[in-house]
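Colleague: I have a structure I would like to understand better, so I am pasting it below and will then ask my questions one at a time.
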Amino acid sequence: MHRIARRKKPPSPVRVITVGFSLLIVLGTLLLCLPFATRSGQSAGPVTALFTATSATCVTGLVVEDTYLFWSPFGQAVILLLIQVGGLGFMMAAAGFSFVVRRRITLRERLLLGQSLSVEEMSGIVRLARGILVGTFAIEAMGAVILAIRFARDFGLRGGIVKGIWTSVSAFCNAGFDLMGETGAFSSMAKYLGDPAVTLTISLLIILGGLGFYVWSDLVTCPKNRRYRLHTSLVLATTGILLLAGTLGFLAFEWNNPQTLGDKSVFDRIMAAVFHSSSVRTAGFDQMGQAGLTSASRALTILLMFIGGSPGSTAGGIKTTTLAVLVLTAVAPYRGRNQASAFGRTIAQKSVTDALSVLVTGLFLVICSSFLVSWADKLPFETAVYECVSGFATVGLSLGVTPTLSVFSKLVLVLLMFTGRVGVMTIGAAALFRSSGEGRIKEPEGRVMVG
């Protein structure tokens with residue numbers, strides 16, 4: 001008998017995405033280790049390069065060295081490229097290259113695109129990808145023009161253009177990296193507190209980047225006589241509620257705080273609260289200084305960071321839809337219903353299970369990591385939680401301890417940033433589970449008393 005050769009099964013989309021992000025981080029680390037990547041001409045340490053490459057690729061914004069003062073123009077260009085590719089996703093970047101060279105996108109590549117965009121429908125995926133790329137660069141270009149005009153007043157024409165482009169890309173990709181080091185190391189956007197042009201432009205870029213490409217598509221293509229998809233409705237409603245609640249909360253908690261907003265005008269206080277509420281969930285740009293926040297504001301910041309942005313976007317966190325599904329599930333019994341529902345539609349049980357899994361896994365990772373960082377660096381637990389939630393949610397806000405962390409704690413944050421960007425469900429599926437029919441097995445039902 002002839003032995004029949006069995007074709008090797010190709011890796012699953014989730015594994016391809018996980019490996020792809022890993023290779024991108026490795027490439028970025030190697031480039032940032034080059035001597036001419038720093039202003040001093042001396043090679044950055046491998047840990048510094050790895051941490052920065054991971055933070056940029058995972059669009060986090062946590063840094064151990066000031067981006068403007070430490071990295072050379074070459075190093076800054078590498079970081080910006082990692083932010084752009086990491087924000088869009090490496091599969092979107094690959095699709096963009098295919099569009100440029102007019103190469104046909106294969107069926108497998110379409111499946112990978114759908115997985116990276118959190119889209120289950122494969123019909124029209126190439127058209128969606130092309131629209132996302134065009135929309136992304138158009139929005140970033142408009143933001144860059146507005147910011148460049150404003151920054152040119154402070155940094156000259158060339159400096160304004162460079163900082164405008166950098167800030168626009170970083171804001172839309174929810175990265176939080178900045179080139180404002182010449183106004184003070186790690187100063188972020190403190191110079192522009194209350195400035196409406198900078199505050200509103202960056203806030204809008206952050207919000208648009210955090211909505212998710214799937215929501216964009218629905219908003220653009222949905223006819224006036226048809227309702228939005230349930231996903232879009234939940235994202236828009238939850239995002240609006242969180243933005244409003246965050247703004248009002250920070251205004252209330254920081255109104256009389258002399259270390260942040262206490263000595264500012266009413267207009268500047270409102271602008272700063274809007275900016276912080278927009279930035280704190282995903283981006284990590286800072287105007288007020290995190291170390292001076294009240295305890296209540298820090299707690300609110302941790303909560304908003306942990307929630308993050310929306311699925312299929314440039315943001316991290318457990319996602320707005322996870323929060324919405326869990327809240328709706330929690331209130332369903334009080335509404336006399338067995339299943340969660342919203343906007344006239346019932347939420348699938350699988351969505352509820354996935355949301356609970358994301359929440360529990362996220363809490364587990366953050367709590368365990370916080371214990372490790374607090375123990376390794378002798379930090380107050382609140383400070384460790386702040387850093388770890390910021391890393392997991394790919395936000396980038398810090399109480400100022402990131403540069404002083406030990407190598408061990410930095411590596412913990414590297415793993416958190418990677419997990420937060422790729423997604424706990426994606427990594428779990430890639431590392432622990434096989435694609436099989438096990439999910440279709442239904443065992444005998446049993447009831448458990450709760451509450």
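Backbone N, Cα and C define each Cβ position, glycine as well.
Checked TrEMBL, it gives:
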TRANSMEM  12-37  transmembrane segment
TRANSMEM  77-101  transmembrane segment
TRANSMEM  132-152  transmembrane segment
TRANSMEM  197-216  transmembrane segment
TRANSMEM  228-253  transmembrane segment
TRANSMEM  314-334  transmembrane segment
TRANSMEM  355-376  transmembrane segment
TRANSMEM  411-433  transmembrane segment
Colleague: Any residues 6+ beyond the ends of the transmembrane segment (314-334) with a Cβ under 8 Å from its own?
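Modeller: Same-chain contacts beyond the flanks: 58-60, 87-88, 172-175, 209-210, 231, 234-235, 237-239, 242, 281-282, 305-308, 340-342, 347, 351-352, 354-356, 358-359, 362, 392-395, 420-421.
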Colleague: Should anything in the same chain at least six residues away from the transmembrane segment (355-376) have a Cβ under 8 Å from its Cβ atoms, list it; otherwise answer none.
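Modeller: Contacts of the transmembrane segment (355-376) (Cβ under 8 Å, skipping residues fewer than 6 from its ends): 306, 317-319, 321-322, 325-326, 329, 383-385, 387-389, 391-392, 405-406, 408-409, 412-413, 415-416, 419, 424-425, 428.
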Colleague: Let me spell it out: take the transmembrane segment (132-152), skip the flanking residues so only those 6+ beyond its ends count, and list any with a Cβ under 8 Å from a Cβ in it.
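Modeller: For the transmembrane segment (132-152), the sequence-distant neighbours (Cβ-Cβ under 8 Å, at least 6 residues beyond its ends) are 88, 92, 95-96, 99, 117, 159-161, 163-165, 167-169, 171-172, 195, 197-198, 201-202, 204-205, 208, 213, 216-217.
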